[in-house]
């Protein structure tokens with residue numbers, strides 16, 4: 001079942017993140033002030049906690065609106081997946097995911113793994129962020145290919161009327177069945193990449209006691225999660241899961257960042273954003289997440305649409321979709337100024 005696989009993958013990543021931050025920091029030759037919050041007027045644990053609670057509520061609502069909007073749009077005739085407007089909106093959402101990978105996740109990874117709080121050798125002698133992002137993209141390609149092959153071989157005999165049955169039933173036409181299968185694999189792999197990034201940014205916000213940082217992050221992350229949710233929601237809609245599976249995938253996306261914030265609050269006594277362990281763990285996770293998101297946005301979403309029959313048959317639609325994707329990238333670029 002798709003919902004079971006999604007829950008399992010998310011559980012693995014959440015456990016890995018929790019274990020990583022509860023392990024004692026490794027011995028390093030970093031400056032003495034690394035791992036210690038700087039003394040300034042913005043630092044205040046008592047004042048930061050109410051803001052974190054507000055962040056949990058507002059980001060949860062924003063995430064629900066973002067991921068839910070495409071799903072409820074299925075009841076609006078002109079927003080049906082076979083309409084041109086849906087393709088344009090999907091390209092906008094794909095641009096958001098691409099912008100997230102290039103403008104948020106990857107730069108964060110480079111900044112963390114090149115921090116002065118890490119040793120010169122090996123962290124400053126090799127571009128780990130670029131290497132892991134590249135490796136993650138290739139691994140995502142393998143997972144994408146193998147998952148499609150496995151699901152195809154396991155469901156070749158399942159041919160039932162379109163839109164009914166369990167999570168992995170297919171339409172009667174072979175081509176439609178293959179396309180639906182691709183949409184389902186894309187939705188699952190994309191959510192896997194998004195959840196890693198969402199937990200990490202939530203964890204960082206929940207652990208910090210910098211009031212100034214929290215205030216600026218709340219608004220930025222609300223828009224960030226809303227736009228990212230639109231991209232994921234569009235993929236879930238095209239995958240034509242059962243209503244239960246749609247709800248579970250949307251639900252887990254919505255609670256991921258709030259969960260990260262709550263986890264950060266719980267670990268705030270032992271976790272510091274600039275500690276040796278935090279920089280390495282979060283930096284590596286961000287690099288892996290960036291590679292996955294960039295691959296998914298370019299290969300499985302944008303390239304698939306632009307090379308598909310609908311856009312190849314209309315230069316005007318190609319231009320509209322390119323502008324939509326550019327706007328999606330631009331919106332995330334603007335948000336990167338505050339996030």
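For all residues, glycine too, the Cβ spot is worked out from N, Cα and C.
On a predicted model such as this, the values are computed, not experimentally measured, just so you know.
Marked as signal peptide by TrEMBL: 1-28.
According to TrEMBL, the feature transmembrane segment maps to 53-73 (among others).
The feature transmembrane segment is assigned by TrEMBL to 85-106 (among others).
Taken from TrEMBL, the feature transmembrane segment applies to 126-143 (among others). Beyond the ends of the transmembrane segment (126-143), by six or more residues, the same chain brings 106, 109-110, 113-114, 189, 193, 283-284, 286-292, 294-296, 299 to within a C-beta distance below 8 angstroms of the stretch.
Sequence annotations record features per position, and here TrEMBL assigns transmembrane segment to 185-205 (among others). Here the transmembrane segment (185-205) has Cβ contacts under 8 Å with residues 2, 5-6, 9-10, 13-14, 17, 21, 52, 55, 59, 97, 100, 104-105, 140, 143-144, 147-148, 151, 214, 217, 221, 224-225, 228, 231-232, 235-236, 238-239, 241, 249, 252-253, 256-264, 267, 271, 273, 282, 285-286, 288-289, 292-293, 296, 300-301, 339 of the same chain, all six or more residues outside its ends.
The annotation transmembrane segment is assigned in TrEMBL to 249-271 (among others).
Feature annotation from TrEMBL assigns transmembrane segment to 277-298 (among others).
Look at TrEMBL and you will find 319-338 (among others) tagged as transmembrane segment.
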**Study point:** Beyond the flanks of the transmembrane segment (319-338) by 6 or more, those residues with Cβ under 8 Å of it
**Key:** 84, 87-89, 91-100, 102-104, 107, 216-217, 219-220, 223-224, 227, 231, 302, 305-306, 311
